[in-house]
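Worksheet for the structure shown next.
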Amino acid sequence: MEKYMDNKNLSFNSQAISGNQEIFIPGGQSLDGENGIKWVSQAWSLVKSKLGMWILLNIVYLTIVSVLQFIPLLGIFAGILNPVFLGGIIALCEKQRTTGKFELGLLFNGFQKNFAALLGVGALSFGIMLLGIIAMLIIGGSGMMNILLASQYDEPSVDIFQNGMSSLFLGAVVLIIFYIIAAALTWFAPALIVLHNLKFGAAISMSLEAVKKNLLSGLLFFTMMTIIFIISIIPFGLGLLISIPLILASYYSSYRSIFIGKEKSSILVS
């Protein structure tokens, strides 16, 4: 593993962590399930202290993502850039925590530093999800096709409808499994790459290891965030101005909870 990134502006060097009596825990630590809720509250503490700026960041981020979707060909692969933007948001969170300052420009930090590794994370996630979609279509596509063909001539029979829905449900389950795999491999990777300058392979491996140690916390966290996200859609989607920044900041809060510990001595990532 590499040494901490020497960047005075972002305070990511090992001396800053040592001064705070904090150490980096390679592979992460195993936490109680209740920590999944704490990650949300910690993220909210970060967001609410600069709420206006976080809402502005959300608007800028969503605008960029939306514009990319309308660019021919590039729109299909726009998701690959998500970890690059997330790397910038991680840098922004670290800056806010250590200095109290919110620097919107750090949103693009991932394009300036560690771009290849962050892009690799996006490509891996995209590839896994693409395989998941293909698997879902193979499993559930025939069922949907049978229902559509039968409905052209007459009302689909109960047997055709039940068999079709069963295959569709199974296909959806397979897609969810692929999504979980993609999330486990890439959840902490952007933070590990940006804040500790880890290589792509090491960051992916360490992210998976940390997820395996904290399955209950992760399940509780994602359940809570799903509920918050659904509720935020209800008031004409206006709640997304708050819930999306909360989700983005939680990547940072969960990383710190698992990978950063308190000790008198410091440790270097070498």
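Every residue number used here counts from 1 along the chain in the order it is shown.
Glycine is treated like the rest: Cβ placed from N, Cα and C.
Sequence-remote contacts of a segment are chain residues at least 6 beyond its ends whose Cβ falls under 8 Å from one of its Cβ atoms, and for the transmembrane segment (51-70) they are 78, 81-82, 85, 89, 92, 102, 104, 107, 240-242, 244-245, 248-249. Annotated transmembrane segment per TrEMBL: 51-70 (among others), in sequence order.
What TrEMBL records for 76-94 (among others) is transmembrane segment. Through the fold, the transmembrane segment (76-94) approaches residues 10-12, 46, 57, 61, 64-65, 68-69, 102-104, 106-111, 114-115, 118-119, 121-123, 125-126, 129, 186, 189-191, 193-195, 248-249, 251-252, 255 of its own chain, all at least 6 residues removed from its boundaries and within a Cβ separation under 8 Å.
The annotation transmembrane segment is assigned in TrEMBL to 115-148 (among others).
TrEMBL lists 168-195 (among others) with the feature transmembrane segment.
TrEMBL lists 215-248 (among others) with the feature transmembrane segment. Here the transmembrane segment (215-248) has Cβ contacts under 8 Å with residues 31-37, 39-40, 43-44, 47, 51, 54-55, 57-59, 61-62, 86, 89, 187, 254 of the same chain, all six or more residues outside its ends.
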